[in-house]
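Report on the structure given below.
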Amino acid sequence: MNTIAIVGAGAWGTALANAVARAGRDVVLWARDEKTVAAMRRGRVAPRLAGVRIDDKVTPTADLAQTGAADAILLVVPAQALRDAARQLAPHVAASRPVIACAKGIERGTGAFMTEIIAQEIPSAVAGILSGPSFADDVARGLPTAVTLAMPDDAMARDLSARLGSTAFRPYHTDDVRGVEIGGAAKNVLAIASGIVAGRKLGASAAAALTTRGFAELVRFGRAFGARSDTLMGLSGLGDLLLSCSTAQSRNFSFGIALGEGRLASAGKLAEGQFTALALAQKAAGQGVEMPIAQAVCEVVEGRWTVDQAIEALLTRPFRSEGA
Ligand SMILES: NC(=O)C1=CN([C@@H]2O[C@H](COP(=O)(O)OP(=O)(O)OC[C@H]3O[C@@H](n4cnc5c(N)ncnc54)[C@H](O)[C@@H]3O)[C@@H](O)[C@H]2O)C=CC1
Ligand SMILES: O=C(CO)COP(=O)(O)O
């Protein structure tokens, strides 16, 4: 397993390309736009990461067929575009090849988790998910972090982790695929709520209380969909939630700050929670899982509630047992 392909040359795709190159692998990095590929080849610049140089072991390409020959493929496009990318990729992928979703979200309309989309579009592949506390800018620059790689077969996940990992980028492995993808999807929605708290200047106590109750929602939802507790309490669940609920470096958190301050969020920055909120709320309701914070974010981003209405709805809920 010496060549790893990355489909999607946005912030996270280029960061992962550099991380995997540093792990000693050859990397094929696919972008859909020929001009972007030419610029990456010429100047070694990452299109979405200012000041980051693309490692020499990374080969940018606009030819999707080149990615199919790799030993494993990382799908690094926005969650709502993952089906489209997987469908385009399908004819190029050999049977039993690992195809790993690196997006964090749930598909609108279908409610599909990321690995379910891969299974539907590339049935012969082995679908997995990579997720955890990892800002693209940090990873691209070689700052250290740890993430989780989940595949249905833990031994396969362990082997691929060893291929992708280095001292600075440390994947832990598991076979709890659903647990890992739920953590990444839910934390983005909850990070918007935390950003609203910051934007409205509700205080550090409110921030801690909201993150904790948000985590309780993530755990309830995860359990209802078969996730294991240790996964939800691990890097891809609690770890990523803490990261994304604590700093404006998170696009979801800063999107929430803008909502809280009553202004428009900066254009062109992907805040996945904005698109996943509805799908998450619908799936939760379908399983009878209470997620008042995620539901409130959904109502705000779908334009049905104002921020003030959402805050009031959360603060006037009945008092209840903490463990319920
Ligand atoms: N940026 C970050 O720090 C991290 C991002 N992620 C996740 O990675 C995913 C991608 O995020 P970013 O790379 O940051 O977004 P981005 O907005 O920087 O880049 C997205 C890339 O996908 C491409 N793309 C969009 N639609 C496509 C389609 N239909 N087919 C092919 N390519 C398409 C775009 O051209 C762009 O190059 C998201 O789900 C995000 O949550 C995960 C961990 C860290
Ligand atoms: O997923 C991430 C960190 O783990 C990136 O967070 P944002 O998408 O909110 O920037």
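Glycine is treated like the rest: Cβ placed from N, Cα and C.
What TrEMBL says about a protein is an automatic prediction, not a curated fact.
As recorded in TrEMBL:
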type: DOMAIN; residues: 4-156; note: domain 'Glycerol-3-phosphate dehydrogenase NAD-dependent N-terminal'
type: BINDING; residues: Gly8, Ala9, Gly10, Ala11, Trp12, Gly13, Ala136, Arg251, Lys269; note: NAD(+) binding site
type: BINDING; residues: Trp12, Arg32, Lys104, Ala136, Arg251, Leu270, Glu272; note: NADPH binding site
type: BINDING; residues: Lys104, Arg251, Asn252; note: substrate binding site
type: BINDING; residues: Lys104, Gly132, Ser134, Lys187, Asp240, Ser250, Arg251, Asn252; note: sn-glycerol 3-phosphate binding site
type: DOMAIN; residues: 176-312; note: domain 'Glycerol-3-phosphate dehydrogenase NAD-dependent C-terminal'
type: ACT_SITE; residues: Lys187; note: active site, proton acceptor
> Could you give the mean pLDDT over the domain 'Glycerol-3-phosphate dehydrogenase NAD-dependent N-terminal' (4-156), rounded to a whole number?
Replying inline: 97
>> Helix, strand or coil by DSSP: which one applies to Asn252 (substrate binding site)?
In response: helix
> Can you list which of these binding-site residues (Arg32, Ser134, Asp240, Ser250, Arg251, Asn252) have a Cβ closer than 6 Å to ligand 2?
Replying inline: Ser134, Asp240, Ser250, Arg251, Asn252
> Arg251 (NADPH binding site) has how many other Cβ neighbours within 10 Å of its own Cβ?
Replying inline: 24
> Reported as an integer number of Å, what is the Cα distance between Lys104 (NADPH binding site) and Lys187 (sn-glycerol 3-phosphate binding site)?
Replying inline: 9
>> Just to be sure I understand the contacts, which binding-site residues have a Cβ under 6 angstroms from any atom of ligand 1? Candidates are Gly8, Gly132, Asp240, Arg251, Asn252.
In response: Gly8
>> Given the binding-site residues Trp12, Ser134, Asn252, find the one whose Cα is closest in space to the Cα of Arg32 (NADPH binding site).
In response: Trp12
> When the Cα of Lys269 (NAD(+) binding site) is compared with the Cα of each of the binding-site residues Gly132, Lys187, Ser250, Arg251, Asn252, which one is closest?
Replying inline: Arg251
>> Through the lens of DSSP with three states only, how would you label Glu272 (NADPH binding site)?
In response: helix
>> How many Å separate the two farthest-apart Cα atoms among the substrate-binding residues Lys104, Arg251, Asn252?
In response: 13
> About how far apart, in whole Å, are the alpha carbons (Cα) of Gly10 (NAD(+) binding site) and Ser134 (sn-glycerol 3-phosphate binding site)?
Replying inline: 14
